[in-house]
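Some notes on the structure that comes next.
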């Protein structure tokens, strides 16, 4: 998307959100979710056209679906970290905070990634970001030079402590980080600077995963499948684990009836739109990171509406059918921000940009906060073809 078009697009989104807040903030939460379901259902019928109705109508044996549900739950259980994992991560977090305080006394380490979203598997890394303690300064941009200096200072403190087996400072990376391995727990950890966007992304995912007992097992199984098929590495041209989780959430938002609501489109009258969630990144860009996060109220409101009875096995089949046979890779964009299928044209992702090849928006996934970021942009034509082959192969299994 060109710079001028980005600015126009983001302004239009902000105007729509402000109007939506004014219209819905006074409604009971249950009514908001019901209205949301109607709108998403209408958009899905109007804009979403399965590419293979023959496959969509194929019957799957009941015994196969039941066994798949059992197998999926077994996979989910096998991937869970040990019972003491959370306490171990918290203890490491606290030790690192103590060490960092000697060079950054007015800052605190915050967790993000799978440790926060609840999607950490056995042995997952611990991701931390250094943020100002004072909330008034958390939206202030931090020059890349200062980030690099902090990375070098923190790395020296970690090395001198004698508590870390490996410490690597990467001050010149696009995102300066300190990579280390704890001698006591064996956990690997990355520390970056001022990445509040990642903290909020992780909290958004955690909220979604807490809303329905099928969401987390489905996300774990899809992530496990992607890892086994070597299609979860953006450095080698495939979607990240984060992107796969967004696809799971979007699928659950667009089932009939929806299993998950659209959290960025639910509002509380007690929270003025202007104060809802403006975040400024270290490079000076601003993002609206508001989402409704009262899980207990959400569960109560969802419980008063018609439920989707699909089993985990049925949802797994539906997920792979969606992205193997039905999703329109040529025209469509997934968006958990709206719970809809946007068009590449609406996002200006069907245009060739200066300095880029024109074939990089091949499997489009809108980041929920960084709206001009296509998480599928990492894929080239061969990678996209391999991914679709893997999805189709999985969708044929019965």
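Glycine is treated like the rest: Cβ placed from N, Cα and C.
A TrEMBL annotation is a machine prediction, not a hand-curated record.
What TrEMBL records for 71-210 is domain 'Poly(A) RNA polymerase mitochondrial-like central palm'. Residue counts for the domain 'Poly(A) RNA polymerase mitochondrial-like central palm' (71-210) by DSSP state, with H, G and I taken as helix and E and B as strand, are 64 helix, 32 strand, 44 coil.
The domain 'PAP-associated' annotation in TrEMBL covers 311-373.
Note on the domain 'PAP-associated' (311-373): DSSP counts are 19 helix, 11 strand, 33 coil.
Confidence for the domain 'Poly(A) RNA polymerase mitochondrial-like central palm' (71-210), expressed as mean pLDDT, is 93.
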